[in-house]
Amino acid sequence: MTAPERRCTARAAAKINLALRVGRPRQDGFHPLATIYQAIGLYDDVTVRDADQWSVRTHADAGIDLSTVGDDESNIAIKAGKALAAHHGLSRAAAIDIQKAIPVAGGMAGGSADAAATLVALEELWGLDTSVEDLLRIAADLGSDVPFALYGGTALGAGRGELVTPIDAPANLWWLVVPHEIGLPTPSVFHHFDQLELGDEEPVIDEALTAALAAGDIAAIAATVSNELQPAAYDLRPDLAQRHRLLDELGADAVLLSGSGPTQLLLFGDVSAARAAAGELRDQGIDHVLVPAPVAGAHVLEH
């Protein structure tokens, strides 16, 4: 009898930015950020199994464009696996299968979620004992949003976003996520942000938002969420500004752009109101998904 193939599946969530403050670019080209991340209930699942060489295959829910997702070593999931193996001095490789529900180039760190899930899945499959500090260091080298994808929940982000500090946010929120078929590359938005000269020297988060999150005050949260990339993104894509005005009419507590876009978000404290707004979007033929937040970071689903 042939032994069953060893495999492990891990899940990681999309992220949104409840606040995103952006500074002027540093000498290394990165922009200093001050942000509050939140993980929402929209997930990519990553399955890994031992293999002779590295490979990756990506599958997606209907409506997700995979044309820009690499199936070679440019894919961040392979980079994550190789980085973990190198850290332990291993010559092992894995076949990686990704099932995506997080939009590509949608401002919700889907690639970072895939990297985090790959790290967690291989950690379990290979029986490693990587320290939390080392895993976060590997994650930060892969990308600014990867450490938060490991943490999940709600957290402050600093540096270029890779310095993560979990914060207390007891309120159960509902987010109506409105993706767009046409992506908006993050570098383009940051470049236009610089052209518009919008950045401060040292970005800081409004303490009113952290206080509102700690108190679970939905109205105060809605009044203080913000995204400094939104003007640049809307200047590049007037259709997003037009869509924002439409979304404003649906009774959400707040409407904002997710990260660098183009995905837009409607915040609700009341799930009944969120479902009513979702119904209106459905009647208008606008793609959307309703998800809870905050949710856990990358974790093993099946092994």
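Every residue, even glycine, has its Cβ placed from backbone N, Cα and C.
Just so you know, TrEMBL annotations are computer predictions that nobody has curated.
On a predicted model such as this, the values are computed, not experimentally measured, just so you know.
These features come from TrEMBL:
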type     : residues                                                         : note
ACT_SITE : K15                                                              : active site
ACT_SITE : D145                                                             : active site
BINDING  : P103, V104, A105, G106, G107, M108, A109, G110, G111, S112, A113 : ATP binding site
DOMAIN   : 75-153                                                           : domain 'GHMP kinase N-terminal'
DOMAIN   : 211-285                                                          : domain 'GHMP kinase C-terminal'
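Everything TrEMBL records as a feature, shown here on the structure.
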residue: K15; record: active site; contacts (Cβ under 8 Å, 6+ apart): Y37, Q38, A39, I40, M108, A109, S112, A113, D145, F148, A149, G259
residue: P103; record: ATP binding site; contacts (Cβ under 8 Å, 6+ apart): I64, G110, P179, H180, G183, T263
residue: A105; record: ATP binding site; contacts (Cβ under 8 Å, 6+ apart): T68, G183, L184, P185, T186, P262
residue: G107; record: ATP binding site; contacts (Cβ under 8 Å, 6+ apart): L184, T186, L257, S258, G259, S260, G261, P262, T263
residue: G111; record: ATP binding site; contacts (Cβ under 8 Å, 6+ apart): I76, V104, G143
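Annotation: A113 carries the greatest number of neighbouring Cβ atoms among the binding-site residues A109, A113 [cut-off 10 Å, Cβ to Cβ]. Secondary structure counts, DSSP: the domain 'GHMP kinase N-terminal' (75-153) has 45 helix, 9 strand, 25 coil. The Cβ neighbour count for D145 (active site), using a 10 Å radius and every protein chain shown, is 27. Secondary structure by DSSP for the domain 'GHMP kinase C-terminal' (211-285): 45 helix, 11 strand, 19 coil. Other residues of the chain with a Cβ within 8 Å of the Cβ centroid of P103, V104, A105, G106, G107, M108, A109, G110, G111, S112, A113, the ATP site, are A14, I102.
Confidence in the domain 'GHMP kinase N-terminal' (75-153), given as mean pLDDT, stands at 95.
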